[in-house]
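Novice: Provided herewith is a single structure, encoded as structure tokens, for subsequent inquiry.
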Amino acid sequence: MFEKPYISNFSVWDYVVFGALLVVSASIGVFFAIKERRKKTSNEFLVGGRQMTCGPVALSLTASFMSAITVLGAPSEVVRYGAHYLWFLIAYTFVITISAELFVPVFYRSGITSTYEYLEFRFSRAVRYFATIMYILQTILYTGVVVYAPALALNQVTGFDLWGSVFATGIVCTFYCTLGGLKAVVWTDAFQMVVMVVGFLSVLVEGTIQNGGPSEVWKTAMNAYGTRLDIVDFSVDPLRRHTFWTIAVGGTFTWLGIYGVNQSTIQRCISCKSEKNMQNSLYLNLVGLWVILVCAVFSLAWSCMHTTKVVILGLQDL
């Protein structure tokens, strides 16, 4: 019979850090609302006056799609089904290269603020409206999952009301987006990206220390998970959950729609001060994707602090 793992609640300092994250995010919106109060044009609000630099845009792009789904889901996926997720390193490389050289420059040179403007220019207004409605529905569904995941985690470790957490997260995000426009969104994403990486590194370092060093972590992982650390699988069986082909090839086509034509990506890219700056932001973002992916996969080290039985039981309870 398995014992359910003990989950400790937040301490005072945990609440302080959590509150500080929300306050900083909201403050960024207030800062840009005050700073840019005399520049109330749609161009300034939607694309930052096209004066953004590659650094914050790259961090914002990474944070936008490396959400709680990745932070919570990828380590669990690796524990249960294996580390094949690492093949996304190849998929991300193809996606960013194709987007930076072929897709995004077209939108940048068009001088538009929305990918749907391009659809109207290229096809018709009806196509623009249809694509806009599809994007709205997709964003609603995606955002629901992204917001629910951290709210569920907060509910488990703090006892916060689940829907109260969802509401609070939505209010803070809406607040800084509405006040500060794209500049607030980009800089808040950059801040959250730093927090995300620090969190991953904290887990990796602490897990490694408590397990006696990198060699012991790897040894424990091999003994506990065996073939799950073997990522070499070139099977063409379409019924397999993950193989090189399903992730490297299938993942490329999946993510190309996100980085090549998605409004969230394009709006950030066209806010850059030049086309070269925009391409640099995408390639710098690729490094961020690699870092987050490797951290998410190797957070398996933390799970080595527990027995295989306890980890699997905890995952089944999610």
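One is the number of the first residue shown, and numbering goes on along the chain from there.
Cβ atoms are placed via backbone N, Cα and C, with glycine included.
So TrEMBL lists these for the protein:
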- 12-34: transmembrane segment (TRANSMEM)
- 54-73: transmembrane segment (TRANSMEM)
- 85-108: transmembrane segment (TRANSMEM)
- 129-150: transmembrane segment (TRANSMEM)
- 162-179: transmembrane segment (TRANSMEM)
- 186-205: transmembrane segment (TRANSMEM)
- 243-261: transmembrane segment (TRANSMEM)
- 282-302: transmembrane segment (TRANSMEM)
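Help me picture where these features are in the structure shown.
Specialist: For the transmembrane segment (54-73), the residues of the chain that approach it from at least six positions outside its boundaries are 145-146, 149-150, 153, 185-187, 189-190, 192-194, 196, 199-200, 258, 264-265, 268-269, 271-272, 277-278, 280-282, 284-285, 287-289, 292-293, 296, judged by C-beta separation under 8 angstroms.
For the transmembrane segment (129-150), the list of distant contacts is 67-69, 72-73, 115-116, 119, 165-166, 169-170, 262-264: same-chain residues at least six beyond its ends, Cβ to Cβ under 8 Å.
Same-chain residues lying 6 or more positions outside the transmembrane segment (162-179) and placing a CB less than 8 Å from one of its CB atoms are 22, 25-26, 28-30, 32-33, 147-148, 150-152, 154-155, 185, 188.
Among residues of the same chain six or more beyond the transmembrane segment (186-205), those with a C-beta under 8 A of the stretch's C-beta atoms are 21, 24-25, 28-29, 32, 48, 52, 55-57, 59-64, 66, 71, 176, 268, 271, 288, 291-292, 295-296, 298-299, 301-302.
Below 8 angstroms of C-beta separation, residues 65, 84-85, 87-88, 90-92, 94-96, 98-99, 102-104, 115, 232-237, 282 of the same chain, each at least six residues beyond the ends of the transmembrane segment (243-261), sit close to that stretch.
If you look at the transmembrane segment (282-302), the same-chain residues 6 or more away from its ends with a CB under 8 A from one of its CBs are 54-55, 57-59, 61-62, 66, 70-71, 74-75, 78-79, 83, 85-86, 88-89, 92-93, 96, 99-100, 104, 193, 196-197, 200-201, 203-204, 206-208, 211, 217, 221, 225, 229, 259, 269.
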Novice: Under 8 Å between C-beta atoms and at least six residues away from its ends: which parts of the chain pack against the transmembrane segment (12-34)?
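Specialist: The answer is 154, 158, 168, 172-173, 175-181, 183-184, 187-188, 191-192, 195.
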